[in-house]
Each structure stands twice: as structure tokens, then as C-alpha cells.
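**Q** OK, TrEMBL features for this one:
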DOMAIN    5-71  domain 'HMA'
REGION    74-96  region 'Disordered'
TRANSMEM  104-121  transmembrane segment
TRANSMEM  127-144  transmembrane segment
TRANSMEM  151-173  transmembrane segment
TRANSMEM  179-197  transmembrane segment
TRANSMEM  329-349  transmembrane segment
TRANSMEM  361-385  transmembrane segment
TRANSMEM  662-681  transmembrane segment
Amino acid sequence: MADPSALKFRIEGMDCGSCAAKIETAMRRLPGVSEVEVSVTAASMAIAVDEDRTSRETIRSKVNALGFRALDGGEGHGRDGHAHDHGHDHGGPDDRPWWRTPKGVNAIVSGALLALAWGVSLAEPHWAAWPYAAAALVALAPVVRRAAAGALNGTPFSIETLMAVAALGAIAIGEAPEAAVVVFLFAVGELLEGVAASRARAGVKALVALMPNSARRIRGEAIETVPASDLVAGDLVLVRPGDRAPSDGVVQDGVSDMNEAPITGESRPVPKAPGATVYAGSVNGDGELRVAITKAASDNTIARIVAMVEEAQATKAPTARFIERFSRWYTPAAMVLALLVIVLPPLLADGDWRTWIYRGLAVLLVACPCALVISTPAAIASALAGGARRGLLIKGGAALETLGHVTAVAFDKTGTLTEGRPRVVDVVAIDGGEDEALAKAAAVERGSSHPLGAAILDAAQARGLAVPNAFGGSAAPGKGVTARLMSGFVTVGSPRQAAEKGLLSASAAERVATLESEGKTVVAVSEGERLIGLVAMQDTLRPDAAAALARLKALGLRAIMLTGDNARAAAAIAGELGVEHRAELLPDAKLAAIAELGRDGPVAMVGDGVNDAPALAAASVGVAMGGGTDVALETADAALLSNRVSGVADLVTLSRATLSNIHVNVALALGLKAVFLAATLVGWAPLWMAILADTGATVLVTANALRLLRFDPA
Ligand SMILES: Nc1ncnc2c1ncn2[C@@H]1O[C@H](COP(=O)(O)OP(=O)(O)OP(=O)(O)O)[C@@H](O)[C@H]1O
Ligand SMILES: [Zn+2]
């Protein structure tokens, strides 16, 4: 037996969650299918299937039989497949004008038939019932076909079944005009639902629309205009003032400012000089730039962001799963209720059969779960897309829900609350010269990826020191690094480590204390058993850190800084920021601190995603900060593409707004149903109003969810 492979399809024509459930049920009944996930909001299906037992063709035709359209969405989860899709999306079948979609045609045909029947009934009042019945039956045909297909594939209780039974029942009891109106309104409602759902989907794609179609490629002396999709890594392009960068690249020549809002959501221009990274879609300011392309169009940061958001939209949030399970018994229960409404009053209370059949049919119409089922995914899809537009990347509904519930936010210090680029500010010679201490420290740090190491190397270079060779370097996380030099073993590490080894004299310890209380990070440089010097470094706080922490507190959250740095420097920095803190934490202690915070409720951990991946993973939700670096995007549950601490508050605000949007949606859906159910039972709501209760609620709920696309967290 061949390995089951994951296939991806694009599914057109879904407008509510019960549609997704119907497809999933049908797919699970096919031989060789082990897993299916259908997402209405992403209009996609991922299916793990043994292709020897069920072919792609069979899958496609099954989906089509249910009244949808399955298009090949490329294999697996490859990024190339995704990005490739986008390039060709414009003018694709989903972008047809509404009157040319199957749902549009349905609505127009049933409207025209209804008008025709009305005309006939005016001319020939005695005949009125027949044209209406004919109109209703013709317009009902596609609905019945879908109901039958659903029933044959494991979903006997679908919205189409409810509709078909109600309309046929109405014709049978002589309410043909009402039946025709109901079928027409159903068609209109489905059309509107489809329009609303595709607007939610278009939210992220708008980002890709910002990509320029053409580029000015430099070939020797000549400059030629080529399609942006033809660019390959290594090409050189000219980006003139006002142009959008056609692809990711590195500035070779020229100085300018670029607006990176499409990628980071940050509209303040970012200065660019040779060596700077340029993102596809960002807008050039006043200078002319020559940019060496580093990525093909399909690999651009923005294409990857869009692919991630779409993947996130395709995964279901816990609430959505719960509601889907709920709706599986909701529809049959509604049918039982309708049956009771029809039979009980006439049998027990001498009610009139015709009246109660009519009311029972109305109950059927009220009972469609569409609005309820779409309430959560529509809100989450809009929020994910709206967030991406502001540089807030959230990797799924589950992370979004957790962010809305967090009670505490823990911050890593270096690279998160600070810029992460410490500079050497003091070198103190203890035994030997300043330059000797710095050069030896630099030798040990050469292989290190720690920001402190980079600072020491920079300082040694700035002083023009000859850095000796080092061998067999090894790092103790949270403590320091050691390597062997020609002169002996040299260790660069925290003064605490040096003190524990008894290398710190009283006067040296005093020096350390003074430097640290100025907010500096001090490392001790020792050779063998001898302390040779101290190096003090200072990092700059991110300009918006203090304001962002204040915003989090105003949101009622506990904010706390976790750092491996020394207690005095940490206290000085925390004091400046006005934030609670824990210092001198070894990596394990950071995890323990997060676990402890987690006892009071979900906790978010914000880090730069580079050396704090375990801490990000240990938190209920990990937030990476770090403009578009791969590591940050891959490791965390959410990422801030702009390097602004206030992005964390934006994330929380957006998530909370999403949760309350969902609550409003659920209340709206259930509330409208309850009101109309009551009105139906006492005979106040005619059939056509009952159908409006469902489609109207679906449209309202979707429209409400779409507001999150334009959400402004500030
Ligand atoms: N490569 C290194 N060179 C010198 N000292 C180091 C090195 N790595 C760790 N240390 C010492 O260990 C301490 C803690 O390091 P750790 O990496 O845990 O914290 P950090 O990343 O600098 O700060 P934060 O926890 O706020 O991000 C540092 O302050 C320093 O004294
Ligand atoms: Zn529906």
C-alpha cells in the first residue's frame, strides 16, 4: 500500500461551516482517506489519502456532486505552491462577477420566475397557485440535488434538506406563493453569504496586490523592464524614487528611505544604505537605489507571510471546533422539534393541522445553523488578515484565542525590551593592559552568537587590536564562554561565575557593582586562575518600551522582565521601564518562572526568537519579535514584524476584540433564532421571515466579523 499523501484543493462555493462539515463527512467515507480538514474561510481542503484507493479525480467529482467546485491547490504544504497560486489569482474563477457565479444565476432565475408568477397571478387570479408552484419547484431543483447528494454522502440533515422539506411542504399545504418567495430569499441569502465570505478571504490577498508587476533590471549598461516574477536571486534592479521594490534584496548602491508598511505595518520610513535589506512591496522614498535581488518572487517575505496567514486561517480554533460539534446534532434536533410542533398541538390540543404544519415548516427554516457555525471562523479569519496588515502575524485561531485570555506577559530583556545591540562602554584592566583584556575576550567570543560577544568583537576591531587565535571554544548558556589561547585558557563570563571560582577580589567586585548599578552588563575576563579585566556593555532601550509596558498594565495584564543579566543592571533597567523583573536567571530558571506565572492563567512570552526558543515554547503563547527573520517566523505562535514593543499590546487588543466579536456573533445568531422561533410558534412569523432569520443572521454575523479587517488597535 502506498503512503497516504496530503493533497490540497481549493474549494469554491462554500459559504458556511455546515458546508465544510458536509464535505468532510463525505470525504471520510471514501476509501483510503485518513484525514480531512476543510476550511470555509480559507476556501481550502487538505486531505490525507492513499491515492491508489481513491484518486484525485474521484475526490474532485465527489466534491462537485455536493454542489461545490474543487480545484487543484497544489500538493502538500509547499510554499512554492502557495505563492504560485497568488501570482495567478487575479482574474481566477473566484473573481467572477456575482451574476455569473452559480449562486448568482440561481438567485436571478428564481427571482425572474417569481416575478413571472406574480404577473400571471395578476392576469389570471384563479390560476395563481400553479405558476407559483412551478416557480418554486424550478428554483428548488438545484437545492434538492444538493440535499440528495449530501444525504447519499453521509449528511442527511443539511440546510438544503431543511429548505427542500419546508418548500415542498408549503406547496403541499397550498402555500405555493410563500414557497416561491422562500426559495428566492434562500438563493439571495446564499449569494450574500458567498460575497461576505470572499471578502474575508480577500483580506490577506490585498497584501500581495501591493507587489509591483514589473521591475527595472540592470544588465551591464542597459536597463530593461521585465516582469517581477522573472527575477532570480543575483539579479540587479534599479528602484527609482516612488517605486515599490519588486522582490526581496540587499541595497548595493544608493541611499534612501523606504516605507515598509505592507510588511511590518509600520509606516515610519526606514533609512536604507548599502548593505540594508529591502522587502518586496515596500515603497522607495527620495533616493535611487540599486538592489541585488536575493529571493525569487515566490519566496519573498510578503509571499511567505500571506502563505502563513492562509495556513493559519485554515486551522480551526477550539471554539470553532466546539460549535461544529454542536451543530452536528443541532440540525437533526431542530427537525425533531419541527415534527413535534406539527403533530403535538393537533393531537393533544385539538389544533388545526394546516396551521401547525405551517408553523412546523417555519421552525425548520429558523433552524439552519449557518450563522452560528460561521460566527467564529469568520471573525478569526478577518482578525488574522487584519493583524497581518499591521505587522501582527498570528499563526492560527488557537493562538489568537489564547492571546485574548492571557493574564501575564513575560519579556526577555536583550533584543526585546532593548535593541539587542550592546556596545562596550568601559574596559577595566585588572592584571595586564586594557587592550590585552579586550583582545583576549574577543578571541574567545569569535565563534559566539551572543550579542555580548558581537559587542566585544566590534570594540576590539574599533581599537584596531590584533585578535589572537583561539581553539576549542565552548559556551555555557547563561554563564559565559571559554576557549584555549596560546597563552592559556581564557573565560569570558558573568562576574558571578568568576566570584564563585574565587577570582574576584574585593576591589574588583566593587568595580563590578558600580558599573552594574549604572545599568551596564559586566563580563569578567579571566585567564587560568587570574582575573585580567572587566568589560562593561550597555544596550539601548527600545524607544517605545516604557509606553508599551504601560499600555499592557492599562489592559490589566501583569508584565514582567526575565533576564539572565546581573541583578543590579536589571533593576536599573526595570526601574527606568517601570516593570516587574527577575534577574540572573539561568535558562532553566526562565522556564520555571514562566511555568510559575502560568499558574495564574495563560502567559505570553515575548522574545527575539533566537536564543530563547525554549522559553517561547514553554509559554501558553510565544511571541517573537524580530522583523521578518526566518527563525522568528517559524518558532513562535505569533510574531511582530515591526520591532515595536507596543505590538504586544496591539496583539492582545486585537485578540480581545476578536473574542468579543465572536461573543457578539454567537449571541446574535442564537438570539435571532430564539426570537424567530418564538414568533413562529405563536404564528407571528410567516415562512419568508423565518428564512430571513437565518440568512439575515449569517450576513449580519459575517459583516460584523469583517470589521476586524480594519481593526485599529491604538
Ligand atoms: N557569550 C558570552 N560572553 C560573555 N558573557 C556571557 C556570554 N553568554 C552569557 N554570558 C554571561 O551570562 C549572562 C546571562 O546570559 P544570558 O544569555 O542568559 O542573558 P542575556 O541573553 O544576555 O539577557 P536576557 O536574558 O535579558 O536576554 C550574561 O549577562 C553574561 O554575563
Ligand atoms: Zn449555508
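Including glycine, each Cβ sits where the backbone N, Cα and C put it.
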**Q** By a Cβ-Cβ criterion of under 8 Å, what residues six or more beyond either terminus of the transmembrane segment (127-144) are in contact with it?
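**A** Non-local partners: 67, 102, 106, 109-110, 113-114, 116-117, 120-121, 160, 163-164, 167-168, 170-171, 174, 176-177, 179-180, 182-184, 186-187.
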**Q** Near the transmembrane segment (329-349), which same-chain residues lie under 8 Å Cβ to Cβ, leaving out any that are not at least 6 residues past its ends?
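**A** Residues 18, 157-159, 162, 165, 356-357, 359-361, 363-364, 366-369, 372, 681.
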**Q** Sort out the residues at least 6 away from either end of the transmembrane segment (179-197), same chain, that have Cβ-Cβ distances under 8 Å to it, and list them.
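**A** For the transmembrane segment (179-197), the nonlocal Cβ contacts are 13-16, 40-41, 43, 98, 101, 103-104, 106-107, 110-111, 113-114, 117, 132-133, 135-136, 139-140, 143, 163, 166-168, 170-171, 365, 370, 374, 378, 687-688, 690-692, 694-696, 698-699, 702-703, 706.
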**Q** Six or more residues beyond either end and a Cβ under 8 Å away: which residues meet both conditions relative to the transmembrane segment (361-385)?
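**A** Same-chain contacts beyond the flanks: 15-18, 21, 39-42, 159, 162-163, 165-166, 169-170, 182, 193, 196-197, 200-201, 203-204, 309, 312-313, 316-317, 319-320, 323-324, 326-327, 330-331, 334-335, 337-338, 341, 394, 396-397, 400, 654-655, 657-658, 661-662, 665-666, 668-670, 672-673, 676-677, 680-681, 685-687, 690-691, 693-695, 697-698, 700-702, 704-709, 711.
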**Q** Work out, from DSSP, the number of helix, strand and coil residues along the domain 'HMA' (5-71).
**A** 22 helix, 24 strand, 21 coil
**Q** Along the domain 'HMA' (5-71), what average pLDDT does this model show?
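**A** Averaged over the domain 'HMA' (5-71), the predicted model reaches a pLDDT of 84.
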